[in-house]
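Copied from TrEMBL, the annotated features are:
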- 47-67: transmembrane segment (TRANSMEM)
- 74-95: transmembrane segment (TRANSMEM)
- 115-134: transmembrane segment (TRANSMEM)
- 155-174: transmembrane segment (TRANSMEM)
- 180-205: transmembrane segment (TRANSMEM)
Amino acid sequence: MTHTPRPPKNLVAALLFLSGATALVYELVWSKYLGNVLGNSGQAHAVVLATFMGGLALGAFVFGRTADRVKNPLALYGLLELGVGLYALAFPYVLGALEHVWLSVAVHVPEHLRVGPRLLVSSLSLVVPTLLMGGTLPALVRHFAASLAGVRKELARLYAINSLGAAVGVYIAGTRLVPLIGLSASATLAAGLNVFLALAALALARQHPPAVVVG
């Protein structure tokens, strides 16, 4: 067996911390975007929270299984981060396109029946990025863990790091970023950070490929 040193745990854990921070920046920013579209901030927060929780759970399930099969889970993590960043840049256009579709259909729907479908259309704008976000933690857990016991240990540690990053991200976004530079610039900054994380993870994955077993 040839042994290839893995990238430092603290370095990769830092990627997950920043990943958690960007996720909560998006949650705050996108809830405000949807509040502008729906005209009801309470409904917007409910849609964002429900879609985030559901998307993260489904993404963890889907990409958790994928991480068990791929040769380099760290590279998978990098691709997921890249997808999140690129989607975040496109989000205003995706939301605008969905809203345009809804408006073309709404004229045929009785007014008292429009709330549910409109909330559904808004939630669709968040499905893709939340699925991708949900896969980041399982990918890194699989990168670090070589056994079931290792999975349990790394899951607790990395979940704590990711949650701490999320707390820092929502605090900074709510008290500094959005008030100072606005929604669009805040989302663009977070997207740039996602792309940076993706490139860093892919570079680390290339420099530290998995060990190869020789027959």
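Placement of Cβ uses the backbone N, Cα and C atoms for every residue, glycine included.
Annotations in TrEMBL come from automatic prediction, not curation.
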**Message:** Could you check whether the transmembrane segment (180-205) and the transmembrane segment (115-134) come into contact, where contact means at least 3 Cβ pairs under 8 Å with the two residues of each pair 6 or more apart in sequence?
**Reply:** no
**Request:** State the non-local partners of the transmembrane segment (74-95) in its own chain: residues 6+ outside its ends, Cβ under 8 Å from one of its Cβ atoms.
**Result:** 7, 12, 15, 19, 22-23, 26, 30, 33-34, 37, 63, 66-67, 122, 125, 128-129, 132-133, 135-136, 139-140, 143, 184, 187-188, 190-195, 197-202, 204-206, 208
**Fill in**
Under 8 Å Cβ-Cβ from the transmembrane segment (155-174), and at least six residues away from its ends along the same chain, one finds 13, 16-25, 27-29, 136-137, 140-141, 144-145, 186
